[in-house]
Amino acid sequence: MSMMRASQLGAAPPTAHLMRWVIVATLPGIGAMTFYFGLGIVSNVLLAALFALAAEALVLKFRRRPLPPALMDSSALLTGVLLGASLPPASPWWLIGTGVIAAVVVAKQLYGGLGHNPFNPAMVGYALLLVSFPTYMTLWSPPQPLIPENLWGKISGTLPGSALDALSGATPLDAFKHKGEAVLASEFWADRPLPEGTLNAWRNVALAWLAGGLLLIGKRIISWHIPVSMLVSMTVLATLFYASDPSHYASPFFHLVTGATLFGAFFIATDPVSAATSRRGKLIFGAGIGALVMVIRTFGGYPDAVAFAVLLMNLCVPLLDIYTVPRPTGQPKSQQRTGQGESR
């Protein structure tokens with residue numbers, strides 16, 4: 001299976017071309033986040049990218065593999081960019097470094113490198129940080145100036161805990177998740193629990209990620225199957241929840257434009273290595289992610305659940321590929337189930 005995926009990644013267009021286009025497509029989302037949340041987003045991305053390249057180089061050196069081909073394919077760079085964009089603004093350097101090591105060293109190189117990793121590397125790093133350092137991973141500030149106060153203190157990790165608490169603010173998903181069972185949705189919004197402009201900021205950031213995702217589809221870097229099936233699945237479940245009790249459940253629109261929904265749909269779930277390969281498999285894969293996101297958001301302990309949903313569906317990919325990859329005419333089913341069929 002890993003050999004089949006590696007050969008797919010080597011097909012035209014080259015891997016480096018695909019990775020660089022994905023990095024270009026992240027610029028609208030990163031730009032929007034920087035506009036609303038400050039240069040701490042840029043520092044995240046730059047530090048994560050540098051750590052990712054350094055970690056990749058060190059592991060390749062240890063494995064006695066040539067450095068230029070692996071570093072020039074831009075896969076480590078993309079992992080750093082995606083992880084950096086997922087973290088709260090101006091995250092401490094050690095937090096970013098820990099996540100990058102988990103992503104590049106453990107989730108990617110430990111399995112043999114690009115084309116062999118069963119899990120999305122960036123989401124492995126993110127999930128580890130979320131479980132290990134939940135306080136730092138929830139330090140999302142409300143919209144603020146381009147150069148916020150105490151920027152260097154946050155990056156260097158020298159701010160005391162009280163100062164960090166003062167700079168933090170709940171995301172819309174965080175606030176709604178922890179509103180309490182006795183509080184009606186109408187009462188929650190009437191109380192205006194979020195700083196002014198927060199909802200608009202997250203909505204516009206989501207639209208920027210959507211623009212980048214549509215660019216990837218237009219350039220045929222990714223196909224529409226995973227993003228569309230994920231978003232449709234989320235919309236259907238959110239509509240059912242909302243229709244059953246609008247006083248306690250958020251609207252479908254709220255779920256689509258807050259958190260990492262659109263970022264995850266176009267930039268995380270579509271990872272060509274850890275996602276399903278056939279069209280039918282991609283539809284099931286995306287729908288499964290959307291369903292898991294809604295279930296965890298609604299009944300689980302985490303407000304956003306894209307990382308966990310993607311990793312759980314990564315576990316299902318070998319089975320999806322076995323039963324959904326079409327086989328050439330005349331090929332026995334036994335060969336199809338060993339993964340020797342056509343991939344797309």
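A Cβ is built for glycine as well, from the same backbone N, Cα and C atoms used for every other residue.
All annotation found in TrEMBL is predicted automatically rather than curated by experts.
With a 10 A radius on its CB, Thr171 (FMN phosphoryl threonine) counts 23 other CB atoms from all the protein chains. In this structure, Thr171 (FMN phosphoryl threonine) belongs to neither helix nor strand by DSSP; it is coil. Under the heading FMN phosphoryl threonine, TrEMBL lists Thr171.
As annotated by TrEMBL, transmembrane segment applies to 21-39 (among others).
Under the heading transmembrane segment, TrEMBL lists 93-111 (among others).
The transmembrane segment annotation in TrEMBL covers 123-141 (among others).
Remote same-chain partners of the transmembrane segment (201-217), defined as residues 6 or more beyond its termini with a Cβ less than 8 Å from a stretch Cβ, comprise 21-22, 24-29, 31-33, 36-37, 143, 171-172, 223-224, 227, 256-259, 261-263, 265-267, 270. The transmembrane segment annotation in TrEMBL covers 201-217 (among others).
With a threshold of 8 Å between CB atoms, the same-chain residues lying at least 6 positions outside the transmembrane segment (224-243) that come near it are 213, 217, 249-252, 254-256, 261-262, 264-266, 269-270, 275-276, 279, 282-291, 293-295, 298. Residues annotated as transmembrane segment in TrEMBL: 224-243 (among others).
Note on the transmembrane segment (249-269): residues 22, 25-26, 29, 82, 85-86, 120, 122-123, 171-173, 176, 185, 199, 202-203, 206-207, 209-210, 212-213, 216-217, 222, 226-227, 230-231, 234-235, 238-239, 241-242, 275, 285-286, 289, 293-294, 297-298, 303-304, 306-307, 309-310, 313 of its chain, located 6 or more positions outside it, place their CB under 8 angstroms from a CB of the stretch. According to TrEMBL, the feature transmembrane segment maps to 249-269 (among others).
Look at TrEMBL and you will find 281-299 (among others) tagged as transmembrane segment.
Outside the transmembrane segment (305-325), and at least 6 residues removed from its termini, the chain residues within Cβ reach (under 8 Å) are 1, 86, 118-120, 123-124, 126-127, 130, 259-261, 263-264, 268-269, 274-278, 280-281, 284-285, 288-290, 292-293, 295-297, 336-337, 339, 341-343. Residues annotated as transmembrane segment in TrEMBL: 305-325 (among others).
The list of residues near the transmembrane segment (93-111) in space but at least 6 beyond its ends in sequence, with Cβ under 8 angstroms from a Cβ of it, reads 2, 44, 47-48, 51-52, 55-56, 59-60, 63, 75-76, 79-80, 83-84, 87, 117-122, 124-126, 128-129, 132-133, 136, 155-157.
Among residues of the same chain six or more beyond the transmembrane segment (123-141), those with a C-beta under 8 A of the stretch's C-beta atoms are 37-38, 40, 79, 83, 86-89, 91-92, 95, 98-104, 106-107, 148, 164, 167-171, 174, 268, 302, 306-308, 310-311.
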